[in-house]
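Chemist: Below you will find the structure I want to go over with you.
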């Protein structure tokens, strides 16, 4: 008695019912590195430390008069954030994903070597410049590089005040800030949080809709920019915890602890998320594959 061979239809159904692993997550834009200069690397650590130092020195004034203190320190925070993005981060459009490597033939390699040799010979033939004279091309290149950074920095600052501040003000109200009172405190706190969280995001990613969908979905890979924004939000969230407690301390008034938490969150997030054990990773909210397999069995 011969056994019947399995039909190809059954084999196809069995193959289609097998669990398929989820596709690997790919961000629309790669994680952002700090610029590879000694100044950028040094200032990327000095900047969060300077923000915390300013907060510590002005904390008593913040407790005494939150509105006046937040209003007075807002221009300095804007200047520090613009300096930070210009010194440490690449502007939007300057970092592009690397194209796939194409096979290079021996002839192409020889041509490239010849071109490099020709360039070296041209550099050797150049006459030395006279002392006291600067090359015009170098000055023009420096001015163009400064303009390429200053323009997106100012645009990011404008968009931060026009768009991010109203959105964060609304979110503060939705999460419990007073609606009919303390309006100045709410708007100024939102402005400080917007400068901390949004300035670098807008400077680096511009108005790319795919990137901003990932930002609102908490699906960005970890880097200094995303870490600073996420740290600002989490710090403000945890900073609101002491407000309803009955400790009767003057620093518990709204929005002192929220603003303090936002500053600490930005400093910690921007430093920690650029470390080697977190850089490039992202939060995953999907269930584990093993749990899905158990439910289907």
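Any Cβ shown, glycine's included, is placed from N, Cα and C.
Pasting the feature list from Swiss-Prot:
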type	residues	note
COMPBIAS	1-18	compositional bias 'Low complexity'
REGION	1-26	region 'Disordered'
TRANSMEM	44-64	transmembrane segment
TRANSMEM	76-96	transmembrane segment
REGION	97-140	region 'Disordered'
COMPBIAS	107-126	compositional bias 'Basic and acidic residues'
COMPBIAS	127-140	compositional bias 'Basic residues'
CARBOHYD	139	N-linked glycosylation site
TRANSMEM	157-177	transmembrane segment
TRANSMEM	187-207	transmembrane segment
TRANSMEM	225-245	transmembrane segment
TRANSMEM	253-273	transmembrane segment
Chemist: Check the transmembrane segment (76-96) against each of 44-64, 157-177, 187-207, 253-273 and return whichever range has the most CB pairs under 8 Å.
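Modeler: Ranked by Cβ pairs under 8 Å, first place goes to 187-207.
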Chemist: Residues sitting near the transmembrane segment (253-273): Cβ under 8 Å, six or more positions beyond its termini, same chain?
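Modeler: Distant contacts of the transmembrane segment (253-273): 44-45, 47-49, 51-52, 55, 59, 62-63, 66, 70, 172, 177-178, 182, 185-186, 189, 192-193, 196-197, 222-243, 279.
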